[in-house]
Each structure stands twice: as structure tokens, then as C-alpha cells.
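Peer 1: The structure is given below, and queries will be raised subsequently.
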Amino acid sequence: MANILVLKSSILGQYSQSNALIDGFLADHQSDTVTVRDLATLNLPVLDGELASGLRGGDNLNERQLAVMAQSDELIAELKGSDLVVIAAPMYNFSIPTQLKNWIDLIARAGVTFRYTETGPVGLVENTRALVISPRGGMHVGSATDLVTPYMRTVLGFIGIKDVDFIYAEGMGMGPDAQAKGIEQAKGQLETLAL
């Protein structure tokens, strides 16, 4: 039995292809312990100067900083306690959803999920794999317009998650036939993963 953390980030609700793919994946993992975070409804704060300063810690934190520090600690504990994190990362304007970026800003903390050394940064999230599910309106895999894959691989690797699989559902905005084909290909990729 595995501990699975699921991060949904689509703003499309019931029309979300990434949510539908995740739900299909979870149907095959009912014996696992699953925590689902819908980042689109969680209203995580956008990082600003006050919050960035607060996330570094200290003795003189204000109420807002203390609340966000507690929220960050909770999100990090969920992540570190997971064997697998399943991340919905649909491509919006060549990037990830703001809601997912807000989560990343709260869990990427020096001394907590990574540390700097003389030889470079070292990730502190250990024994966790990641599965990134990324629907896209067009065809972007392997091209310069795919900014999602290198970003997610880099940020996850930076905090210590090196074992990352990507599932792509491409052509979601190219008509019903392309959409159906993209969904079927993504489902096929999910079925072949040994997770």
C-alpha cells in the first residue's frame, strides 16, 4: 500500500482533462492511501515580499506570515510523507497553472525541502516519485514550446524528486477527433506505467 498525494491544478472543474485522467488513475489505486489537493479551490496565497520573508522563518513574524508558514509546513509534510505525488500540470499559455506555481512557491523552502552546499543545491525530499499529467491544446512534446516538462523536471529535481514520469494528452484544442486520440494515448501511457 502506497501513500499517494494528488495535486489537481486545472481551473476547468468538471471539464478538466487532467482531472479526468487522474480520476481514472486513482480508480486503479483504491487500496492505496490517497490525499487529494484541488489547488484551484484551495486559494493558496501568491508569493510576495512579505510572505517570502516569512517563509525564511524568524522570531518576529506577523499573523499573515505565521499562517502561511503553518500552511507551508502542512503541504511539505504531505509531500514528504508520500511515496508518489501525482501532479496535474495542464499547459496554460505555455506554462503551468498559477495555482500549481503557488503550491511550488510554498513547498520550495531552503533548509526544509532543499539546501545549498558548496557543490550546489541538494534536494531534501527523499523516496518520493512523481507522475506529471499534462494536457495541452496543441502538439508541444519535444518542441521549444513545451516549457512545462523542463520546468517541472527541474523544480522537482531541485527538491530531491528525480524519478519523474510524464503523461501527455495533446491536441485537446484541435477538435473532437484529436481530443479523443490524445486522451486515449494518455490513458494508454498510464496503463503501461508500473506505479
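We count from 1, first residue shown onward.
The backbone N, Cα and C atoms fix where each Cβ goes, and this holds for glycine too.
Keep in mind it's a predicted model, so treat the numbers as computed, not measured.
In case it helps, Swiss-Prot gives these features for our protein:
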- Ser10, Ser16, Gln17, Ser18, Met91, Tyr92, Asn93, Phe94: FMN binding site (BINDING)
Peer 1: Among the binding-site residues Ser16, Ser18, which residue has the fewest other Cβ atoms within 10 Å of its own Cβ?
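Peer 2: Each of the binding-site residues Ser16, Ser18 was scored by Cβ atoms within 10 Å; lowest is Ser16.
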Peer 1: Using a Cβ cut-off under 8 Å and a sequence separation of 6 or more, which residues in the same chain sit near Tyr92 (FMN binding site)?
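Peer 2: Sequence-distant Cβ neighbours: none.
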Peer 1: Rank the binding-site residues Gln17, Asn93 by how many other Cβ atoms lie within 10 Å of each Cβ and give me the one with the fewest.
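Peer 2: Each of the binding-site residues Gln17, Asn93 was scored by Cβ atoms within 10 Å; lowest is Asn93.
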Peer 1: Tell me which residues of the chain lie with their Cβ under 8 angstroms from that of Ser10 (FMN binding site), as long as they are six or more apart in sequence?
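Peer 2: Listed in sequence order, they are Ser16, Gln17, Ser18, Asn19, Ala40, Ala88, Pro90, Pro97.
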Peer 1: Give me the count of other Cβ atoms within 10 A of the Cβ belonging to Met91 (FMN binding site).
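Peer 2: The answer is 24.
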Peer 1: In sequence order, which residues at least six apart in the same chain have a CB under 8 Å from the CB of Phe94 (FMN binding site)?
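Peer 2: When sequence neighbours closer than 6 are ignored, Phe94 (FMN binding site) has His140, Thr145, Leu147, Val148 within Cβ distance under 8 Å.
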